[in-house]
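Notes to accompany the following structure.
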Amino acid sequence: MAKAELQQTSPKMKEKEPPLKGTLASVFLLGFFIIFSWVSVYFLFLHRL
Amino acid sequence: MMGETMKVDRRDAKLTLAHLYVAFIALALGGLAGLLQTLVRSGKFNLPAGISYYTILTTHGVLLGLVLTTFFIIGFQFAAVSRTSGAFSDRVRFWGWVGFWTMTIGTAMTAFFILTGQAAVLYTFYAPLQAHAGFYLGLTLVVVGSWISGFAIFAHYARWKKQNPGKASPLLTFMSVTNMILWLVCTLGVAATVLFQLLPWSLGITDRINILVSRTLFWYFGHPLVYFWLLPAYMIWYVVIPKVIGGKIFSDSLARLAFILFLIFSIPVGFHHQLLEPGITPFWKYVQVILTFMVVIPSLMTAFAMFATFESYGRSKGATGLFGWLRKLPWGDARFFAPFVGMLFFIPGGAGGIINASHQLDQVVHNTVWVTGHFHLTIATTVVLTFFGAAYWLIPHLSGRVMTKAMNRLAIIQTVVWAIGMTFMSGSMHFAGLLGAPRRSAFSTYGNSPQALEWIPYQIAQAVGGTILFIGIILVLVIVTNLAFFAPKGETEFPVAEAAEPAERTALAMENWKLWIGITVALILIAYTIPFVDMIQNAPPGSKGYKLW
């Protein structure tokens with residue numbers, strides 16, 4: 001039953017879902033920036049050991 | 001029945017406006033103190049009339065970190081709750097005014113003791129630096145006043161729930177209630193250190209103070225304080241900005257879940273401010289660092305939701321390409337532009353926060369001016385620019401006026417000025433911090449040590465940035481005064497967006513306060529009980545008070 005409901009709603013959901021490729025790219029850029037900042041200061045820490 | 005109303009009741013509007021006036025007066029005075037600080041630290045300027053650098057430091061910290069924020073937030077929340085859950089009863093409004101006057105009297109008292117040089121204790125409660133008891137009493141009144149206002153909001157919320165059984169509360173009301181619960185739980189820590197340690201010690205009833213306990217109670221409060229500042233900005237991002245741009249809230253459930261996660265995870269994390277302090281075992285620091293990283297999650301959820309809101313809107317307007325939706329946003333509207341620039345600055349602000357909370361990396365930046373640069377990105381840009389953006393519609397909405405095109409243009413310029421000034425000031429603070437420049441201290445060449453001389457160009461850049469920021473403060477005060485008293489009469493909208501897909505059941509589950517507060521308390525007890533007992537059982541003799549400046 002639950003499966004049938006899922007199958008019924010899925011195409012509908014697909015129609016409504018806005019394409020969020022830009023959001024995906026933005027969150028990746030944000031993630032890379034955080035990692036880059038963190039690793040930069042980490043290397044500074046290692047350098048000063 | 002109290003349904004969703006479009007306007008804030010006129011009597012509630014007065015209550016909010018009173019809070020906003022105090023907030024912007026604090027901005028003017030605290031901002032001036034900040035300008036003087038950057039000038040002194042450049043080494044090119046001495047304060048006249050024997051005024052101490054440390055007097056203006058405490059003035060700046062208290063007026064901007066506590067007074068501006070608390071008054072703006074409580075005023076904004078009163079308006080948000082009244083707008084979305086209906087006008088207050090006379091009783092709730094009365095207690096709102098009692099809260100306001102209690103906070104205002106407390107602020108005046110605190111300001112008196114700071115300005116007369118009897119409370120140079122860095123940023124608020126920095127034992128063993130000791131202030132006059134009146135300073136601690138004044139700040140206690142500020143906190144107690146905020147509690148009274150918090151309970152007024154809770155009472156109004158309870159009435160709404162009673163009148164709307166089985167319904168989820170309006171999103172802005174839910175968010176305001178969550179933020180006030182967070183505030184209530186976290187201020188218990190600062191109340192404990194003030195009542196049981198600082199006040200008896202400053203009155204001479206006790207001779208010595210347990211520094212580690214005092215600092216632990218302060219940071220139990222000090223980090224959620226950051227979220228108490230940030231959550232109202234998130235309210236504006238989640239609920240107001242989508243309406244301003246003409247879109248919808250990406251997900252009502254995601255917004256509510258983010259707020260609940262902030263409530264749960266933002267309190268048991270204070271040890272990440274104490275990573276380099278002896279007296280706390282590494283294991284408990286580690287536990288709280290893990291919890292600190294948990295609180296990154298709702299901020300990342302918020303970043304995702306904002307990008308998705310903007311992209312969904314842009315696509316609905318026919319935007320193409322990976323980032324074409326950015327072009328569809330209303331760049332000429334200060335109500336959007338100021339908070340958006342605030343969001344951008346939160347990217348380096350958040351990244352810096354993750355660095356601060358990582359134990360090894362904290363050893364690079366701890367107690368350096370990097371940290372000052374960090375919180376000038378998060379609170380003094382992200383939060384403050386969002387509040388300015390909100391003031392541009394909130395004040396005319398409450399005062400029955402409209403923002404003119406000229407004022408909107410000035411607000412855009414103000415935002416740009418702020419962004420430039422902060423890039424100079426906070427950027428140079430970050431770099432100087434990486435080179436070891438200390439925070440909190442006045443100008444010194446430390447006996448012409450080569451390392452200290454390296455910091456001077458950055459300190460001059462901080463003064464340049466501080467001066468530009470002060471111009472930004474003058475601009476925002478011009479705009480706010482215009483909107484409150486001189487702008488043309490008319491109707492201004494209080495923008496509240498609709499959710500793209502209402503999710504009543506999820507929203508209701510998010511109001512299971514017993515569960516969320518229960519988890520919050522349990523996490524606090526897990527993270528703090530053992531190390532706190534250890535601090536008391538193995539306490540050193542304690543410290544006498546010092547009044548150095």
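Cβ coordinates come from backbone N, Cα and C, glycine included.
Straight from TrEMBL, the features:
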DOMAIN    B:14-541  domain 'Cytochrome oxidase subunit I profile'
TRANSMEM  B:20-40  transmembrane segment
TRANSMEM  B:60-82  transmembrane segment
TRANSMEM  B:94-115  transmembrane segment
TRANSMEM  B:170-198  transmembrane segment
TRANSMEM  B:218-241  transmembrane segment
TRANSMEM  B:253-271  transmembrane segment
TRANSMEM  B:283-307  transmembrane segment
TRANSMEM  B:336-355  transmembrane segment
TRANSMEM  B:375-395  transmembrane segment
TRANSMEM  B:416-436  transmembrane segment
TRANSMEM  B:456-480  transmembrane segment
TRANSMEM  B:515-533  transmembrane segment
As a test: from B:170-198, B:253-271, B:375-395, B:456-480, B:515-533, pick the stretch that has the greatest number of Cβ pairs under 8 Å with the transmembrane segment (B:20-40).
B:456-480
Is it true that the transmembrane segment (B:515-533) and the transmembrane segment (B:375-395) have 3 or more CB pairs under 8 Å, sequence gap of 6 or more?
no
So if I exclude everything within five residues of the ends of the transmembrane segment (B:375-395), which remaining residues of that chain have a CB under 8 angstroms from its CBs? That is, six or more out.
16-17, 20, 64-65, 68-69, 72, 76, 79, 226, 229-230, 232-233, 236-237, 240, 244, 334-339, 341-343, 345-346, 348-350, 352-353, 401, 403, 407-408, 411, 414-415, 418-419, 422, 425-426, 429, 476, 479-480, 483-484, 492-495
